[in-house]
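Feature list (source: Swiss-Prot):
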BINDING   C143, C146, C156, C159  Zn(2+) binding site
BINDING   T344  ATP binding site
MOTIF     11-21  motif ''HIGH' region'
MOTIF     341-345  motif ''KMSKS' region'
Amino acid sequence: MARILITSALPYINGVKHLGNLAGSMLPADVYARFQRLRGHDVLYVCATDEHGTPAELAADAAGMDVRAYCDEQHDIQKRSGEGFSLSYDYFGRTSNAPNIRLTQHFAQVLEEKGLIAERVEEQVFSIDDDRFLPDRYVEGTCPHCGFERARGDQCDNCGRLLEPTDLKEPYSKISGSKNLEVRETKHLHLVQTQMETKIRDWVDASTEWPSLAKSIAYKWLDEGLRDRSITRDLKWGVPVAQDGTPREGFEGKVFYVWFDAPIGYIGATVEWAEAGGGDWESWWRTDKGADDVTYVQFMGKDNVAFHTVSFPATILGSEEPWKTVDKLKAFNWLTWYGGKFSTSEKRGVFMDQALDILPGDYWRWYLTANAPEGSDAAFTWEHFQGLINSDLANVLGNFVNRITKYTVSKFDGTLPSAGTPGENEAWMAAELDQRLPALVANMEAMEFRKAAAEVRAIWAAGNEYLTKAEPWVKYKSDVDAAAVGVRTGLNLVALFGILAQPFIPEAASKILDALGVPDDRRSWEFDGPASALLDALPHGMAITPPAVLFAKIEDAQVAEWTERFGGAPEA
């Protein structure tokens, strides 16, 4: 039994996340976690809300709330949204909680002891009208690299380049809109990444289980040359700059930069899990305490890759303490919305709470996995969503389950028949499974989720083709035993389809397996023997209860309604 630690990029606290956030980190991490649990492995999947920094302060101000109260509210909302999509976190923590604060201050102290933290005076944008410094997203303006007119002071949303507020052209205050700005000196702590460049490059070179997207982004940063980066900000909300509980002299009004403390939040959330009775957190994170046998897998969108392959490793490796580093990193491209990006700040696209108002979570889980933005960006359109759901879930899966279970009730008194001997059609179905099940498992292990979903769809389609070949409803008229073979095989396929569906559409999978009375200990992904055994695994004579309709078709009128509500194109 392997031990697998899974983290997904922390969802930021400034509002409900959109479907692009879900598709690029939390959902694939959950699919993978469920798969590995079904394979019998010891899995710990942790996540947390990322709560510090300027966006939290700005969002709280806009809501007219205290920032702590705002974060409390938003954490609960995001937790409920995750539950609505059946995200199976072992723990969902918060970066504003005590464990992350302690760990962030610990890492800063250790890095300074190693000579990797330096106090420096730098120039920052100051708003005369607001009487304050404008770090990060408190200032916006024109990107000096691509000309995007709404670039933020920390990063351009259009080209993805990291920025400093002083880099922006025609800057203005996000608080007041004032352009009455000047550059003033302020003192901050810097992480001396230039001293870590060789060590980080060697570590990236040795990381063999990353997709090309992640590797290319890491090397791009390294090839451009690492810069020493400020890790503190002139803000009130964040991890205080302190050592052993004592504020650092001259830094009383400053906090650590959110991108310094946020990745440490993976560890902090695991500490929270342990404190809540989960277990020993150090055995998952400290290689001197048992984590040397852990496989650590990270999931994130491509905009987070540089921070996870360069900045966070600089913290971990620079400490020279025995911390577990990532083994496998799965990075995703964008899920696009009619040619543009989903955007939290622009309120563009469909958000998780809105999606759940429209349809249950399984509809979205399947679509976002089958359409995962892996090799390239993936486009969301209502028409594509409708077509995929109706074809895969309502027709190929739902119709199969409905047809064979109801026929069993109609012609075999609702019990699994035992008569008849398998023949050519059953051998064909077994051969399909012998070919496709190993491919499915291999794709899941490789975290190739589109390919995995395609294999599941192909297995469902093969089941439908089998019923067309077997024709139990035709054979019943002249050879009940031959019909019984088709029904028995079909019902075993229903059970197998439910087992295979668990990582992707867990609620529907449970309905299928519960209807067949499949016990929990028979729901694992164990396909080591010949597939023919899977086609006769259910007890003969068992009672069959057809499940309720699993997936309703999406009608054209619904697509028209949703297009009207959410739009079919990004804002200009």
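Positions of Cβ are set from backbone N, Cα and C atoms, glycine also.
C156 (Zn(2+) binding site) is surrounded by 22 other CB atoms, counting those within 10 A of its CB over all protein chains shown. A gap of 14 Å separates the Cα atoms of C156 (Zn(2+) binding site) and T344 (ATP binding site).
Apart from C143, C146, C156, C159, the Zn(2+) site neighbourhood in this chain, defined by C-beta within 8 angstroms of the site C-beta centre, holds P144, H145, G147, F148, A151, D157, N158, G160, R161. With every protein chain in view, the residue among the binding-site residues C143, C146 whose Cβ has the most Cβ partners within 10 Å turns out to be C143.
Helix, strand and coil residue tallies for the motif ''KMSKS' region' (341-345), in that order: 0 helix, 2 strand, 3 coil [DSSP]. The two recorded residues, C159 (Zn(2+) binding site) and T344 (ATP binding site), show a Cα separation of 17 Å. In the predicted model, the motif ''KMSKS' region' (341-345) has a mean pLDDT of 82. Counting other CB atoms no more than 10 Å from each candidate's CB, the binding-site residues C159, T344 peak at T344.
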